[in-house]
Amino acid sequence: LPLSEESADIKDCLSRAGAVRANDLNQPRDELRKTVTEIKKDVHTQLEQARKTNKNVHGIAKELRKLHREGINNATNSVTVVAVLFATVAFAAIFTVPGGNDDHGVAIVVHAVSFKVFFIFNAIALFTSLAVVVVQITLVRGETKAERRVVEVINKLMWLASVCTTVAFISSSYIVVGRHFKWAALLVTLIGGVIMAGVLGTMTYYVVKSKRTRSIRKKVKSTRRSGSNSWNHNSESDSEIDRIYAI
């Protein structure tokens with residue numbers, strides 16, 4: 001209304017009746033709108049940060065899977081080289097038998113117990129190593145879990161080849177040194193037995209420990225069913241890497 005005496009009277013009447021100004025009436029609504037805008041902005045910022053964090057977690061998990069695959073590939077390549085070496089040594093040992101051969105090409109100590117032990121365990125080491133080589137050259141790289149299971153099997157086969165090679169060498173030492181220096185063969189047996197038993201016992205401990213740790217993690221993961229807990233557990237499990245484990 002234009003400024004006049006009538007408009008002043010109307011203003012006084014409205015004020016006495018409890019009327020308020022339009023700016024005062026819209027102030028709570030403006031504050032609410034401002035608060036909603038700030039909340040939307042904060043939520044958008046938190047969602048953006050969560051998206052970036054999730055992206056970083058997936059990137060770290062991808063790098064860890066890449067490192068794990070490279071580790072498995074390195075292990076398989078190393079096992080292949082060692083298996084070829086074992087097969088070469090075992091194959092050559094058949095043609096250079098301890099004690100020598102007679103005029104007909106037959107081993108002189110063919111009837112000795114130590115030679116029979118040498119022959120059997122050397123053959124086991126040869127064929128086990130060849131089996132590992134065949135598996136390695138036939139294996140197609142693909143799924144990490146499948147490769148891990150294959151590596152577990154061929155590692156146990158290489159353990160068997162190592163033990164058989166050790167037994168074959170110890171039995172051949174009894175042939176080479178003869179009866180007069182049997183103490184040398186016994187010393188070799190003691191040294192080889194202690195070393196192989198210690199190494200295989202230690203590796204068995206790490207195998208059992210790693211399998212038990214993985215089974216515990218699977219049980220803990222299965223018990224966490226809620227969304228937030230499962231997300232936190234996945235981020236923690238991706239970042240947990242054993243410093244040493246055996247397969």
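Just so you know, the numbers here start at 1 and follow the chain as drawn.
Cβ coordinates come from backbone N, Cα and C, glycine included.
TrEMBL entries are annotated by machine, without manual review.
What TrEMBL lists as compositional bias 'Polar residues' is 225-234.
The domain 'PGG' annotation in TrEMBL covers 70-176.
Sequence annotations record features per position, and here TrEMBL assigns region 'Disordered' to 218-242.
Counting residues 6+ beyond its ends, the transmembrane segment (75-97) has Cβ neighbours under 8 Å at 107, 115, 118, 122-123, 125-126, 128-130, 132-133, 136-137, 139, 147, 150-151, 154-155, 158, 161-162, 165, 168, 172, 247 in the same chain. Residues or ranges marked as transmembrane segment in TrEMBL: 75-97 (among others).
Within the chain, the transmembrane segment (117-137) has long-range Cβ neighbours (under 8 A, six or more residues past its boundaries) at 76, 79-80, 83-84, 86-87, 90-91, 93-94, 97-98, 150, 153-154, 157-158, 160-161, 164-165, 167-168, 171-172, 175. Positions annotated as transmembrane segment by TrEMBL: 117-137 (among others).
Outside the transmembrane segment (157-177), and at least 6 residues removed from its termini, the chain residues within Cβ reach (under 8 Å) are 79, 82-83, 86, 89-90, 93, 98-99, 109, 112, 114-115, 117-118, 121-122, 124-125, 128-129, 131-132, 184-185, 188-189, 192-193, 196, 200, 203. Taken from TrEMBL, the feature transmembrane segment applies to 157-177 (among others).
What TrEMBL records for 183-208 (among others) is transmembrane segment.
Here the domain 'PGG' (70-176) returns a mean pLDDT of 81 for the predicted model.
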